[in-house]
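Copied over from TrEMBL, here are the features:
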{"type": "DOMAIN", "residues": "26-136", "note": "domain 'PurM-like N-terminal'"}
{"type": "BINDING", "residues": "ASP28, THR43, ASP73", "note": "Mg(2+) 4 binding site"}
{"type": "BINDING", "residues": "ASP28, ASP73, ASP204", "note": "Mg(2+) 3 binding site"}
{"type": "BINDING", "residues": "THR44, ASP45, ASP120", "note": "Mg(2+) 1 binding site"}
{"type": "BINDING", "residues": "ASP45, ASP73", "note": "Mg(2+) 2 binding site"}
{"type": "BINDING", "residues": "HIS52, ASP255, TYR311", "note": "substrate binding site"}
{"type": "BINDING", "residues": "GLY119, ASP120, ARG144, SER206", "note": "ATP binding site"}
{"type": "DOMAIN", "residues": "150-295", "note": "domain 'PurM-like C-terminal'"}
{"type": "BINDING", "residues": "ASP207", "note": "Mg(2+) 5 binding site"}
Amino acid sequence: MDEFSLIQKYFAQLTAPAGDVLLGIGDDCALLQPPAGEVLAVTTDTLVSGRHFPVETAPYDIGWKSLAVNLSDLAAMGAQARWFTLALTLPEANQTWIQEFARGLSDLAAQSKVALVGGDTARGPLSITITAMGTVPAGAALKRNGAQIDDVVCVTGTLGDAALALRLLSESDLSTDLRARLDRPTPRLAAGLALRDIAHAAIDLSDGLAGDLAHVLDASGVGAEIYSARLPSSLEFKKYVAPTDALALQLQGGDDYELCVCIAPEKFDEAAARLAVFDVSLTSIGRITSETGLRFLDANGVTIPLAPNGYRHFQ
C-alpha cells in the first residue's frame, strides 16, 4: 500500500474539515487560520520503540500516547489544542498494526478536538514524531519563567503511577488502571486552560517532578522546598510501593504527564475549585523560595539528599 492509500484508508477520520483549516492534507502544506488576537503554540515530540515505550506496547496505546505527550505540552502553556502533524516510520506496512495505531490516535484526537493536517511516512525502525499546534491569546501563555517567591508549588493528579507500571510490566497482577497510566496518559488540557489566568508558571511532568521543576526554577531564578509527605499518591501506588521506595518513583520516575504549576497562596483555593469542575485534583506540595536550588524535606523538615535528575536523552 502506497503512502497516499495508507493515509486515506486509516487516517482520513482524523482530517475532518474545520473552519480554521483552510487547506488540509493533500497539498504541499496545510493552511491554518488562528483566531484573531491569538498566537501559535507549537511543540514536537518523537517516540522511539524501546526507548519511549516498551516494544510490546499495543499499537492502540502507541497511537494514543504519541499524541498525548504533545498535547500535554500545549496544556502546560495554557493553549487551546487545535491541529497536529504526524511523521510515522514503520519497519513494514502491517495493516492490522496501522489500523490499531490510527484508532488510538483518532480516539484521543476526537476527545481533544484536534485535527490531523499533514504528515509523512517512511520505512525504518519504528518511531513516531508528532507536531502539535494550539493557540493562546497574545501575552497570556503560561511559561516556565514566571514563578514568584512564596508561590505554592502544586501538581495535578497523582505522581509515580507510570513509573510503577513500568517497573511492574513483567508482573501478572499489574492492573489495567495502572498500566493505563503508562500507556494512555491524560493530557491536562482543560486544567491548563482553567489555570492560564491564575498561575504564574507551569510545566508538564514528562521527565519526573525533580527534573522538570528544576527547569522552572532555573528559568525563574528562584528555588523551592518540596514537602515529600504531601506528594499525591493513588491507592494503587500505595498498595504496591513501600514508603522507602515511593520518593524515587514520584520525583524521578517520569511519564506522569501531570501539570506542575506555581500559584500565589491566596489563589490556591480558587485554582483547586476550577479544576474540581473537571474532576482533576490539585495538591500543594511546596513553596517557591528566594534561595535558589531545589530541596526535598521529609515530614520532620529534614532535607532529603536526592539529585534533581529527571529523564535525559542520550544518557
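Note that Cβ sites are derived from N, Cα and C of the backbone, with glycine treated the same way.
Where the annotation comes from TrEMBL, it is an automatic prediction and has not been curated.
If you measure from the Cα atom of ASP204 (Mg(2+) 3 binding site) to that of ASP73 (Mg(2+) 4 binding site), you get 6 Å. The residue listed as 'Mg(2+) 5 binding site' has HIS52 as its nearest neighbour among the binding-site residues THR43, HIS52, ASP120, going by CA to CA distance.
Classification of ASP204 (Mg(2+) 3 binding site) by DSSP places it within a strand. Note on proximity: among ASP28, ASP45, HIS52, the binding-site residues of the record, the Cα nearest ARG144 (ATP binding site) is that of ASP45.
Note: the Mg(2+) 1 site is recorded as THR44, ASP45, ASP120; in the same chain, THR46, ASN70, THR85, LEU86, ALA87, ILE128, THR129, ILE130, THR131 also have Cβ atoms within 8 Å of that site's Cβ centroid. ASP120 (Mg(2+) 1 binding site) falls within a strand when secondary structure is assigned with DSSP.
Geometry remark: HIS52 (substrate binding site) versus ASP45 (Mg(2+) 1 binding site), CA distance 11 Å. Residues near ASP73 (Mg(2+) 4 binding site) in space but far in sequence (CB under 8 A, at least 6 apart, same chain), listed by position: THR43, ASP45, ALA132, ASP204. ASP255 (substrate binding site) has SER206 as its nearest neighbour among the binding-site residues ASP28, GLY119, SER206, going by CA to CA distance. Between the CA atoms of THR44 (Mg(2+) 1 binding site) and ASP28 (Mg(2+) 4 binding site) there is a gap of 20 Å, rounded to the nearest whole number.
Cβ packing within 10 Å was compared across the binding-site residues THR43, THR44, SER206, and the lowest neighbour count falls to THR44.
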